[in-house]
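Following: one structure in structure tokens, then a few remarks.
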Ligand SMILES: Nc1ncnc2c1ncn2[C@@H]1O[C@H](COP(=O)(O)OP(=O)(O)OP(=O)(O)O)[C@@H](O)[C@H]1O
């Protein structure tokens, strides 16, 4: 025992620091919904301030501690709250990039101010020991333990008993409600950020004496607290504390008993917190890993130059690059490296820009590709180009491996999982025989020998050719079904899924393609040099790549070209060597933070220029903005056929059946034993006041949430355990109360994707390739659905530019383009005026009459409900309180009580004629 105890105590000490930092992280994530990848950078600021005051200025310890922990904590907390407010509405990639930007700013700022060499950090805690169970424990070990314990206890007490603490819990559950009680959610979050920043600064100052002062090392050490936060499911502070201690102790025991037993385990202790992070993300139920952001991001609208202009631009760039060696001089290899980075940026952009998924493991994929290439080329002796292709193919299964958590995870949790994967790969495997090996010489990366391609010049042209091929591949991919699915996935995965495409398959495919392309980049990069080692592929570089990717303007391949040259070539032209490099890093970091504060908007090109380029490229300016779009949008074409492929269903046949549905959110029963039917050829209403459980019922029917009990049957078959896409393919379509459109796509593309998602389905091949005849089918379905809803004249307008009423019609058209037998329409008329609503009602009646579709309609517009519904169910507080014909519902006192409240109904005499107009 006395042998193990010192390791346990050392583990508890480090674990206490993780616990402290992790608790600060959880506190801020819990209250703001923003996960701070720059958490370690905040600690680093505190530590440098402490160093400056204590070592350089030799000020009293108490003052140094107060300023570096409390003072810096308060200032950083205030700044972070401001940044977090802007991040609440930006896509997750930019959210991650902005907080990573903080790391770049702090790292570059520290190096510019204090130099690049690690600084000696003095021990400032009292020297002495106490004996515990026969083992001497130093004060330096005891103090972090005591501080972390006291801080966590104080936080728990604060949460439990103080008014502000209760408000902090409230701000997570319902910020609007909190605001109504007179407490400002912003003020509450500000306090949370201040407390979180103080915690992490404290953890940094406690950790610093155990390592030499280096901004990168310290930042990464504090990042180890992510594992503790994951154990606390990013929301539970006591569990995070326990997780931090547990990780610290197990890591120390690994150092004692495992690390020395094999080369493969040498990095196990260091990567253990990230292994815990990855495992916790994989085993935590998906429902617990919620996106805590208050407002969901809408994708940013970007102007794209017409195809012809882009082609001319591409040809011009190609000519410049092809003639470049005439003037590159000694920088030729930098340009070759930049070209390999173009491929790396393109591969990351495919994920982040196209499908809104964040990977922080891309440099790891590049490293894997590099190693695979070397093995195939050197050990198997295969030709260069074959080795390049095989490097991609070998890396793809690794991409698929990381895509497995990706399938479950989304948003910030996916970013965390890939971050952990990249770090584990680096720390545990880079130096093993499996990858680059223990020697610093690294792996041989021979170039092709023929045609002078082994010279620097020849190899440059070879890489240029591969880059051109990859770019062409990506451009063509955007025009394929998979390209459209990826855009849909990026903008509204829910819409894609409820239209019939299995987004799991789409995610898997894109991860595989993207990792394969990153492998190509790694091999191209490696062959630029004769030998390459793991140091060239530090996983932290993946974070910088993300920052650059999101800073760069334009669509593929422009952002990749600009990003690669800004990262690799630009520094070679700047005077000042290392200093210039740090200044550039500082600029990148500050720019991404500034961009986040601007909600990710890049400065727009002047409209005269975009107009000129549009005309030059032959892009006709769409008339939709000039004519009265609303009028056009509400003139359904009576001749349009309600497109469908399943034939007309018999009226009164079995459509949707809900049996004994119960949905519980925590302690709240949102839907309580609801049973209803929506037969074919009928519009069935589902009404009830706000919060009655209507949308929850829809979500349970379409498979977006798992009910606590009950059964959903579609056309007689039990679909309760089927995922949303499978239900859609079986004939269940829907629209959403909070509209789910593909905002950067045109109306025609939106509507068409409604049907194409169904054709793509849940099969790899059908997601990758269209069948002959699909195109004609799509065109017909799209045209008919748009004409039916009167949005055909808006066909080329971007969905994101339309009014709410027009967007509702586009969403309906998208649902009608699908071949659904049952349609769930969630408040489809909200945003339409009276005339539009009546027209809308006629469209629905026509669809039901001519297609035999079953429609279940949730509506607050009672005149529309009474006009078009044949049968109505009424929900109140999750329970079905009435059902009947419109006349029976109008006459029902129970229904009026539900809408007006029981007290009011008693005093309303005689009973009101109808619930008409009852709106919430
Ligand atoms: N994800 C969730 N987590 C916790 N509670 C939820 C969640 N979704 C809904 N609720 C709660 O369930 C209840 C029913 O909500 P639901 O959105 O289904 O009502 P609704 O009838 O559609 O209301 P509205 O007419 O305002 O759309 C409400 O009390 C709501 O706050």
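Numbering starts at 1 and runs along the chain as displayed.
Just so you know, glycine gets a Cβ as well, placed from its N, Cα and C.
The following features are taken from TrEMBL:
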- 6-27: transmembrane segment (TRANSMEM)
- 34-54: transmembrane segment (TRANSMEM)
- 60-80: transmembrane segment (TRANSMEM)
- 92-121: transmembrane segment (TRANSMEM)
- 141-159: transmembrane segment (TRANSMEM)
- 191-209: transmembrane segment (TRANSMEM)
- 215-232: transmembrane segment (TRANSMEM)
- 305-328: transmembrane segment (TRANSMEM)
- 334-352: transmembrane segment (TRANSMEM)
- 384-404: transmembrane segment (TRANSMEM)
- 458-477: transmembrane segment (TRANSMEM)
- 580-597: transmembrane segment (TRANSMEM)
- 632-651: region 'Disordered' (REGION)
- 656-902: domain 'ABC transporter' (DOMAIN)
Residues from the same chain, set at least six apart from the ends of the transmembrane segment (34-54), whose C-beta lies under 8 A from its own: 21, 24-25, 28, 61, 63-65, 67-69, 71-73, 76, 80, 84, 87-88, 95-96, 99-103, 105-107, 110, 113-114, 119, 121-122, 124, 196-197, 200-205, 207-208, 213, 215, 218-223, 225, 234, 293, 412, 415-416, 419, 543
Overall pLDDT for the domain 'ABC transporter' (656-902), taken as the rounded mean: 89
Range from 6-27, 92-121, 141-159, 191-209, 384-404 with most C-beta pairs under 8 A to the transmembrane segment (60-80): 191-209
Other parts of the chain folded back onto the transmembrane segment (334-352), taken as Cβ under 8 Å at six or more residues beyond its ends: 93, 321, 324, 328, 358-359, 362-363, 365-366, 456, 459-460, 463-464, 466-467, 470-471, 474, 477, 486, 510-511, 513-518, 520-522, 524-525, 528, 545-546, 548-550, 552, 556-557, 559-561, 563-565, 567-569, 572
Recorded stretch, among 92-121, 191-209, 458-477, 580-597, maximising Cβ pairs under 8 Å relative to the transmembrane segment (141-159): 191-209
Contact check, the transmembrane segment (92-121) vs the transmembrane segment (458-477), 3+ Cβ pairs under 8 Å, seq sep 6+: no
Other parts of the chain folded back onto the transmembrane segment (191-209), taken as Cβ under 8 Å at six or more residues beyond its ends: 14, 16-18, 20-21, 23-25, 27-28, 30-32, 36, 39-40, 42-47, 50-51, 65, 68-70, 72-74, 76-78, 80-81, 84, 121-125, 140, 143-144, 147-148, 151, 155, 164, 168, 171, 218, 221-222, 225
